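Here's the structure, in structure tokens; my notes come after.
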Amino acid sequence: MNAVVLLGPPGAGKGTVSEVLVGKGYTHVSTGDLLREQIRLETTLGLEAKQRMDQGKFVPDDVVVGMIRDLLQSSDANANFLFDGFPRTLVQAEKLDELIEALSGTLEEVVLLQCPDEVIVERLSGRRTCSKCGMVYHIKYNPAVQEGKCDIEGCELMQRPDDNSETIKKRLDVYKEQTAPLITYYEAKGLIHPIDAAKSIAEVRLAVLARIG
Ligand code: AP5
């Protein structure tokens, strides 16, 4: 197996960029989406995770690493994984290295989406999501054809519970404290490739495709 990691603060556009890479043969793995699915199914894991996610705190490393371990061990040996939102701590990064090594795989690139805080706040405040298909919109930068309705499902768009101003600030603080150190970790391995994610959606997608598409 081969893997690429999309690293960057909340709202940098990891999910938005992932959409184009899925068409290039990558298997998109978003730990945020996996956790929200557990919440939707009302599992014990999901109910515990929800409390932390709604406050902008991370879910414990062992829970997230366990989900990724299960997924990798049950996947096709030739799969190309695109990790979005994982790893987020040094412990998770080290565990991912171990899992990849155990499967004789390679971590090929870590694409770092760089974006200033004020841009992130505007993006997350204006994000809207379809609860049925998961499609992500932005009221200004990526609007639905009919305001407030999903283009695919036609149902009402929702705002994520963690996209309020207080929780966005908390998520940014947690990113700086716990995830930003991964930049140095991956720089030391020669794997980091920074991209200016403050540009338009089309420009960011092109830059990422040029790098790993
Ligand atoms: P997760 O769902 O991963 O959230 P996140 O990292 O905070 O990232 P987002 O999904 O908010 O943003 P994104 O970068 O994907 O941006 P998007 O493309 O949507 O995690 C949620 C929570 O789960 C965490 O807080 C934590 O509690 C828990 N969790 C998850 N993984 C974990 C882990 N590994 N360990 C522990 N806990 C974990 O774009 C945002 C908006 O901007 C959209 O509206 C989009 O349309 C718009 N947009 C995107 N790009 C552009 C652009 N270039 N120009 C203009 N608008 C744009």
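Placed from the backbone N, Cα and C atoms, the Cβ positions cover glycine too.
Note that the structure is a prediction, hence the values are computed from the model and not measured.
Marked as ATP binding site by TrEMBL: G11, A12, G13, K14, G15, T16, R127, V136, Y137, K199. Take the CB of G15 (ATP binding site) and look out to 10 A: across all protein chains shown you find 19 other CB atoms. In the three-state DSSP scheme, G15 (ATP binding site) is classed as helix.
The 10 Å shell around the Cβ of F86 (AMP binding site) contains 23 further Cβ atoms across the protein chains shown. What TrEMBL lists as AMP binding site is T31, R36, K57, F58, V59, G85, F86, P87, R88, Q92, R160, R171.
The annotation domain 'Adenylate kinase active site lid' is assigned in TrEMBL to 127-162. Residue counts for the domain 'Adenylate kinase active site lid' (127-162) under DSSP, split into helix (H, G, I), strand (E, B) and coil, are 0 helix, 12 strand, 24 coil.
TrEMBL lists 30-59 with the feature region 'NMP'. Outside the region 'NMP' (30-59), and at least 6 residues removed from its termini, the chain residues within Cβ reach (under 8 Å) are 14-15, 18, 67-68, 71, 83-86, 88-89, 134, 161-162, 167-171, 174, 178.
Taken from TrEMBL, the feature region 'LID' covers 126-163.
Beyond the ends of the domain 'Adenylate kinase active site lid' (127-162), by six or more residues, the same chain brings 11, 15-16, 33, 53-54, 56, 168, 171, 200-201 to within a C-beta distance below 8 angstroms of the stretch.
Note: the Cα of G13 (ATP binding site) and the Cα of R88 (AMP binding site) are spaced 16 Å from each other. Of all the Cβ atoms in the protein chains shown, 20 others lie within 10 Å of the Cβ of R88 (AMP binding site). The region 'NMP' (30-59): residue composition by secondary structure is 21 helix, 1 strand, 8 coil, according to DSSP.
Across the structure, Y137 (ATP binding site) and F86 (AMP binding site) are spaced 22 Å apart at their Cα atoms.
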